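Here is the structure we will look at, set down as structure tokens.
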């Protein structure tokens, strides 16, 4: 169904071929799980309404680089499995109760079950990424380590010295790093050389950063739907509020989103014009500025 934010219906990404391709791959991988209890947990986590943005980015980039979806699908599934595992661990750390309008994995299956489900998804992501060669595997592993380091940085949010520079380092590792490798690995699976893959990585980094700041803004304004946690991360508007008014902090945060969106689009403009590139432009707006339209 279409995603609705503040009463406004955004584009229906579920109608996209890339979305259906990823969904079919996830469904097939779940059918291969032998243990019924583990299968139930993975189904709950992986079929809870995610937009599949990261694997879709990977597939679209591979198409821009003249690759094929069949060649790139396992890499896309690896990215989605890693992302799903990170959400479980995030809910464990934040004592998340609700995610995407459903009970979180720890709430539904207990901390031990959720932890094991996350472990399985990480192992499955490694299995999916393993055929793609040394460079791709190294980059994928580095992103996983970055995400863990980002969570460690996030634990320091109660430290009064946690400022803007710490925040951007944290969200690069927690969020933007996976966007960056989704784009760069898509380039590699499409046959691109390292220089082109690096440019796609810059696009993913800028988009992932903008996406996280938008998420922070919505949380700051208490308009996030379908998510509930006992603890929350530090947000950019809250950091700015330490030295300015709420209104100015919000404006500075929105300006920061626009800056990173512009950087992402500027990089996109350098790639060959094609329907896949057009979709990346749509995604860029869809998960950033479109979410802020009615604030």
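Positions of Cβ are set from backbone N, Cα and C atoms, glycine also.
These figures come from a predicted structure and were not determined experimentally.
Sequence annotations record features per position, and here Swiss-Prot assigns isopentenyl diphosphate binding site to 51, 54, 83, 100. Cβ-based neighbour count (10 Å, all protein chains) for residue 54 (isopentenyl diphosphate binding site) stands at 22.
Annotated Mg(2+) 1 binding site per Swiss-Prot: 90, 94, in sequence order. Counting only same-chain residues at least 6 apart in sequence, those with a Cβ under 8 Å from the Cβ of residue 90 (Mg(2+) 1 binding site) are 96, 151.
Residue 94 (Mg(2+) 1 binding site) falls within a helix when secondary structure is assigned with DSSP. The Mg(2+) 2 binding site annotation in Swiss-Prot covers 90, 94.
Here Swiss-Prot flags 99, 174, 175, 212 as all-trans-polyprenyl diphosphate binding site, drawing on similarity to another entry. In the three-state DSSP scheme, residue 99 (all-trans-polyprenyl diphosphate binding site) is classed as strand.
DSSP assigns residue 212 (all-trans-polyprenyl diphosphate binding site) to a helical segment in the three-state reduction.
Within the set 51, 54, 83, 100 that the record links to isopentenyl diphosphate, no two Cα atoms are more than 17 Å apart, and one pair reaches that distance. Here the CA atom of residue 212 (all-trans-polyprenyl diphosphate binding site) lies 13 Å from the CA atom of residue 54 (isopentenyl diphosphate binding site).
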